[in-house]
Amino acid sequence: MREVISIHVGQAGTQIGNACWELYCLEHGIEPDGRLSPEKTTKPLDDGFSTFFSETGSGKYVPRSIYVDLEPNVIDQVRTGTYRHLFHPEQLITGKEDAANNYARGHYTVGKELIDHVLDRIRRVADNCTGLQGFLVFHSFGGGTGSGFGALLLERLSVDYGKKSKLEFSVYPAPQVSTSVVEPYNSILTTHTTLEHSDCSFMVDNEAIYDICRRNLDIERPGYENLNRLIAQVVSSITASLRFDGSLNVDLNEFQTNLVPYPRIHFPLVTYAPLISAAKAHHEANSVAEITNACFEPNNQMVKCDPRNGKYMATCLLYRGDIVTKDVNCAVSSIRTKRTIQFVDWCPTGFKLGVCYQPPQYVPNGDLAKVNRAVCMLSNTTSIAEAWSRLDHKFDLMYSKRAFVHWYVGEGMEEGEFSEAREDLAALEKDYEEVGQDSIEGEIMEEEY
């Protein structure tokens with residue numbers, strides 16, 4: 001089997017994890033205590049979910065996941081919540097003191113004490129797999145545990161499991177909505193550390209998802225639960241073909257092969273459609289062409305940036321539900337003819353398709369309407385560089401005054417690491433700029449040198 005281990009780091013990682021496992025259980029017919037639901041036991045078993053769940057001797061299903069946070073509050077809610085019997089208690093790992101929004105605490109001081117214990121648990125879960133495919137790491141860029149411990153974990157995973165895929169789902173600091181003052185520091189330090197260790201990083205930003213909840217789903221004041229359930233649908237779409245059968249399956253390695261033209265440029269933009277509330281669902285057709293076009297609307301993106309300002313390098317369209325391949329091909333060819341969507345000239349084909357026959361799962365009392373088909377688009381576009389330059393600008397404003405730096409240095413970090421990280425991100429912005437240039441322009445520039 002091709003198993004995948006999910007690792008949820010910090011508060012954001014844990015809460016997104018809760019939403020994801022709730023959804024996986026509904027999709028596979030697994031009760032909150034880990035047993036199969038009665039209607040599922042009569043049907044022949046689909047083998048697919050053993051990629052995400054392991055079966056115990058007594059016929060219980062246990063998620064192949066590890067939750068880790070440096071302070072206990074958030075994971076305690078999992079230990080006492082609805083799904084407390086689903087998870088293996090030793091795979092919920094908490095420390096005693098939190099990282100206090102400080103990358104250095106998560107990475108150097110507090111995180112160091114916990115990392116070996118966490119790796120030991122991951123090793124046990126990995127030993128239980130017959131053909132481990134890779135890891136999904138969920139964390140935020142802004143928090144101390146998510147940025148610091150998340151980076152430390154990815155570094156150590158590269159050492160222990162060099163060839164396995166490591167995909168990140170990262171909550172990126174939103175342009176307007178901020179949860180901590182030092183987000184720009186944490187984000188740039190963690191990106192610098194993980195740039196060479198992570199194979200592919202799907203970014204979501206809270207503000208973009210707030211806007212989707214308000215605009216498309218008519219939720220006046222979205223809470224984290226609304227946001228996380230939306231993210232869970234996206235994660236489920238990305239992992240659906242690992243868990244269900246379809247005519248075009250996509251595994252973890254295929255994402256990298258098709259989406260990452262150069263190792264550093266591994267931050268695809270995520271878009272999902274249809275995003276409609278139950279009230280509007282009856283008036284929408286949701287044809288394949290409609291939902292495919294909706295993916296190219298900036299309003300449906302999970303990160304605030306405008307793809308019309310950049311060029312697409314590669315695009316991966318993952319359909320699920322009632323899909324006929326012929327419709328998909330028509331929709332894609334009509335998009336190719338549109339002049340508004342620009343591809344870089346060195347990547348003429350640009351589309352990777354995945355089709356999975358399992359329709360999107362409706363979550364009871366959820367925000368999204370029940371639909372019979374959906375699509376998730378992962379696109380590597382040069383416009384995501386906007387997100388980096390926004391962040392770099394905020395970093396520069398604070399760092400020019402050396403504001404808050406003493407908190408990091410006090411935890412054993414060198415001040416030089418700040419400037420090193422900032423230079424690395426400047427290089428990343430430059431990489432995006434160069435990739436977007438036409439190949440003829442590039443040749444002329446090389447000749448000038």
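Glycine is treated like the rest: Cβ placed from N, Cα and C.
Binding of GTP is attributed by Swiss-Prot to GLN11, SER140, GLY144, THR145, THR179, ASN206, ASN228, and within the candidate set GLU71, GLU90, GLU284, GLU290 the record adds GLU71 to that site. Annotated pair THR145 (GTP binding site) and GLU254 (active site), C-alpha to C-alpha distance, rounded: 30 Å. Of the residues the record lists as binding GTP, namely GLN11, GLU71, SER140, GLY144, THR145, THR179, ASN206, ASN228, the two whose Cα atoms sit farthest apart are 22 Å from each other. Listed in sequence order, the residues of the same chain lying 6 or more apart from ASN206 (GTP binding site) and placing their CB within less than 8 Å of its CB are VAL171, ALA174, VAL177, THR179, LEU227.
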